[in-house]
Amino acid sequence: MASKGGLKTIANEENEERFGYVFAVSGPVVTAEKMSGSAMYELVRVGYNELVGEIIRLEGDMATIQVYEETSGVTVGDPVLRTGKPLSVELGPGILGSIFDGIQRPLKDINELTQSIYIPKGVNVPSLAREVDWEFNPLNVKVGSHITGGDLYGIVHENTLVKHKMLMPPRAKGTVTYIAPAGNYKVTDVVLETEFDGEKAQYTMLQVWPVRQPRPVTEKLPANHPLLTGQRVLDSLFPCVQGGTTAIPGAFGCGKTVISQALSKYSNSDVIIYVGCGERGNEMSEVLRDFPELTVEIEGVTESIMKRTALVANTSNMPVAAREASIYTGITLSEYFRDMGYNVSMMADSTSRWAEALREISGRLAEMPADSGYPAYLGARLASFYERAGRVKCLGNPDREGSVSIVGAVSPPGGDFSDPVTAATLGIVQVFWGLDKKLAQRKHFPSINWLISYSKYMRALDDFYEKNYPEFVPLRTKVKEILQEEEDLSEIVQLVGKASLAETDKITLEVAKLLKDDFLQQNSYSSYDRFCPFYKTVGMLKNIISFYDMSRHAVESTAQSDNKVTWNVIRDAMGNVLYQLSSMKFKDPVKDGEAKIKADFDQLLEDMSAAFRNLED
């Protein structure tokens, strides 16, 4: 086969045995004959344009292939080239800050190469740039030292934010016979050579790993550190841990993407992998537009957030089959950074589109449909993806721990949480942040319904709170009680009106309103409230709950005396305190700093105590 347009093609090797022939085409599913000897999930190139595909079923010498590109123009009898390897990703310096499609093709490089906003068919560009020089510094590995899978042998400063640690591939071992001196190298240059049983092996900075196979670890550890999101309602009521799994189901327009993006911008993770899977192209372009401008401060240095982020963009107008691959590509990249000892967060937006891709492929294969037409193996596929999260002890030396946290957005049609994808996901994940259409319509964002959401990591995090914020756990319990009580009271209020309630119930209603409007609600697009550090969250809670306790005490202790304290009396006397309570969220953590905010909150607590003492006297 001649090379076309100067692009080198992999079919230059004329091996007739390695060809099969197209037998039938049905959308992204191609059937090929004369394919005996090929393996499940083997990568193939279909047709004269060499479209990337993957074998998903074998019968006799017929293979069913799902193609990750547009199949228009493929005809019966076209050659199918077997590559003999599974669908894999390239791991090495150059991942962060770049944007890939579902099968890890670098979109920026393709755009520069072709000057087109669309990806041409059969384009064959390496995932990581081959001509860039990276500065390699060897670690304490010398010639003659023994090295096994997962050991660190060098560091590349990929950018000023992330140190890219060079790992031995998991299954490698041997005695070092050569290690490159410090200097600039390309990803394909040999930087390490080992010998084992008389066989020499050479390693470059580049590793290739099959996406459907989880990377091995020494052991899984229980998670014990919170994934702080900067969103008050999530950090206080429904915390997630580093290494946890979370689902954000919600109807359209409830703010799933804004929560995912807020997590990517402000969470306490070291690396973010953002997978846009079958969502709008505008959402990915928004990420590309916003992230380079946002900064994060680490060890006193301000850096662009894009330096810790990699994007896997597979928008709704890209081929369906690649949606399935994009989730696996994202999780494999995450596991690679986890193995370096980093805490990684992976956002999948949205897993429903991924399930729909499974449904479409399954329909074309004429498999037996289960609930709502989804394939019977939907639950198993979802589980195999979510179970790759977790906090782990990494392979190799030196000892290090890493974690992968998965946050999956789910968009059930019509916001119905009994949809099969949502139901299957909720059986697997540990944290459920349920978004509510009614709250979103009232413009209460983040629109997380505090009555149906839950987190199963509460107990795992108790030690962390005991050490750092001892007063927090009782405060959280109290908040949940107040919000639950308010829900029960709201029905009575609708029947008989507010005036006929007991005084303590009036206080409960007012404090719940204060909590909802000034604590749970948060404006992602304001400088003071787009990110709320945990000390501010705890301080705000403490003051609001203290106000509740003092009000109830004042009412209950004077109930029998002549000058009764009622809610109206408190409201009239405490106008200033109430105003200060509701303006606590306007304190800007960046401008004011931690010490000033804490001092202000303590001062407010003192003023409040003094005001209540005056009332009761």
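Along the chain as shown, the residues are counted starting at 1.
Positions of Cβ are set from backbone N, Cα and C atoms, glycine also.
As the structure is a computational prediction, the values presented were derived from the model and not from experiment.
Swiss-Prot has this to say about the protein:
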BINDING   Gly250, Ala251, Phe252, Gly253, Cys254, Gly255, Lys256, Thr257  ATP binding site
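Ranked by Cβ neighbours within 10 A across all protein chains shown, the binding-site residues Gly250, Gly253, Gly255 are led by Gly250. Cβ packing within 10 Å was compared across the binding-site residues Ala251, Phe252, and the lowest neighbour count falls to Phe252. Here the Cβ of Lys256 (ATP binding site) has 26 other Cβ atoms within 10 Å, regardless of which shown protein chain they belong to. In the structure shown, the C-beta of Cys254 has more C-beta neighbours within 10 angstroms than that of any other entry among the binding-site residues Cys254, Thr257.
Compute the center of the Cβ atoms of Gly250, Ala251, Phe252, Gly253, Cys254, Gly255, Lys256, Thr257, which mark the site for ATP; besides them, the chain residues with Cβ within 8 Å of that center are Ser411, Leu435, Ala440, Ser447.
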